[in-house]
Every structure is written in structure tokens, then in C-alpha cells.
Amino acid sequence: MRKRKLGTSDLDISEVGLGCMSLGTEKNKALSILDEAIELGINYLDTADLYDRGRNEEIVGDAIQNRRHDIILATKAGNRWDDGSEGWYWDPSKAYIKEAVKKSLTRLKTDYIDLYQLHGGTIEDNIDETIEAFEELKQEGVIRYYGISSIRPNVIKEYVKKSNIVSIMMQFSLFDRRPEEWLPLLEEHQISVVARGPVAKGLLTEKPLDQASESMKQNGYLSYSFEELTNARKAMEEVAPDLSMTEKSLQYLLAQPAVASVITGASKIEQLRENIQAANARRLTEEEIKALQSHTKQDIYKAHRS
């Protein structure tokens, strides 16, 4: 598995990371997927305190025992469970982040986190206070680096300007090219993109689109109608015909210099192997990249711009 540097950090992360949210709560099944991922060269595991109310972090913590130093461990904070209910609310305060990291460390059974990420964010947050919390955790040695998980332009601009983030996690795929607006700025500041949702809810895999859900057929995906999705997918299948749709989807993202890793989920080992195969496929040519772009939209985020 090829690796890339994460921003200005000294972390070399696998080009495909495992999004642990998809593992579920059946421990033995989840551990078998995690073991296989690590065995096949994935060293980047992405979790969050929100997933399964912390149970996800506990399972990941079990999986990395005796090989912690071989793993780049990323988790997230900022969503606070509402005691006595199944809901949560947003709390990016310094006090909560410093409380949350201690609980994550306990669940993960480790004394440090490689990448600690703010799990969302709004322009109304006290961003200076949030940055201060992350910087203090770095100084304390509790976290090595920090980043954000956000798609909001105004939030991204503030963190690029004010903080030492090394990465931004964003939903990014051939059917959601909105992050491309930000790639030049992030490259200039040596901030990496960690791309999630690379196959757009399965629309960019080998699964026939006629098997899509009724909701997808009626509502489409983002700005695409279902007819547009069908036409675009058919056209893209004819580009680089030696590659599967999954391979093209991941290789398109990995062709972007700002992208350090593509986060893929897997609830079965077969999915995991397919994603790793896609990461290890041949690179796309410039002509193939342009052809794929010609069949898709480059939208921008229209909200949260100021």
C-alpha cells in the first residue's frame, strides 16, 4: 500500500484509510475486518467518539493493541451526547474537547492520538478557543496533530488562516466535486484533504444503478437527478475501460495532489479487499482525468460562504 505525507506532519498514511464507522458493534466481525485491513497495508484508521456512542473507539482500541506504533490513529470530537436521550448537541468548547479527549484515550486504550479532528463546526463557534484547546493538547503530548472535518467554506477559511491544522476531511467524489474549489488554497498551505464518501453511497461502484433505492431514484444525489446519474455513470464506464468503476473513483481522488488518503468503509471483508485493490490500481492519465471530469459537475458549496 502506497503512503502519503499528511500535510506538514511527519505522519505517512496509507492512500486508503479505513472508515471505522461502518464496522458495526459485533466485535468479532469488526475485529476481523480491522485485522485484515492492517494485514493488507492500511495503517490509517478513522473513528470518532460519536460512532455507536463510543463503542466504535473501544473496538478500534482492542484491534490496535500490541501494534499501536504501526497505526496512524484518527478520531474526532465536538458532538456531545445529551444525557438521558439518544441525541447529541454541538459543543466545541475548550472544556468539552479536553474532557472528550480523555474519554477517547480510555476507550482507545492508548496514551496519544495521532490526528484529533473537530467533528464539524460553524462560523458562530468560538474558533480561537477551539484552536487553543487543540494547541494545548499538542503541547501536553496527548495528540500529535489536529485537523477538522468540515465542508463549510467559511469555517475552512478561518481554520486555514488561524490554525495549524494538517488536514481537512471532506466528502469528495466524482459525483461531489465541490471540494475542488479549495484544493489550490489547501495545496498552498500544505494542508491535506482526507476524502470521505469516495463512491457516493455506492453510485460509483460496480453495483447496477437500477438496484438503487427508491429514494435515490426519486430524489437523485446532490444536484444530480437519477437520470443524470445514470447517464454520467454510463459515460464514465467507457473511460479507462480496463479499470472498474470503484478503481476509477478512488484513482480520480488520488490524482489530486492535495489528497493524502481516501477513507472507505467496509462492513464485509470483500468490500475491504475491493477498496484496497482500487487503491493499488494503475494511475489515471491526464486525458482520462479530463474525460471523467467532462461527464460530471463541478459544483460549489453555496451556503456558509461568509
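Cβ from N, Cα, C; glycine included.
The feature active site, proton donor is assigned by Swiss-Prot to TYR51, with similarity to another entry given as support. Every protein chain shown contributes to the tally, and the Cβ of TYR51 (active site, proton donor) ends up with 23 other Cβ atoms within 10 Å.
Look at Swiss-Prot and you will find GLY197, PRO198, VAL199, ALA200, LYS201, GLY202, LEU203, LEU204, THR205, GLU206, LYS207 tagged as NADP(+) binding site. For THR205 (NADP(+) binding site), the same-chain residues that are 6 or more apart in sequence and have a Cβ closer than 8 Å to its Cβ are VAL199, MET245, THR246, SER249, GLU274.
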C-beta crowding around GLY197 (NADP(+) binding site), within 10 angstroms: 19
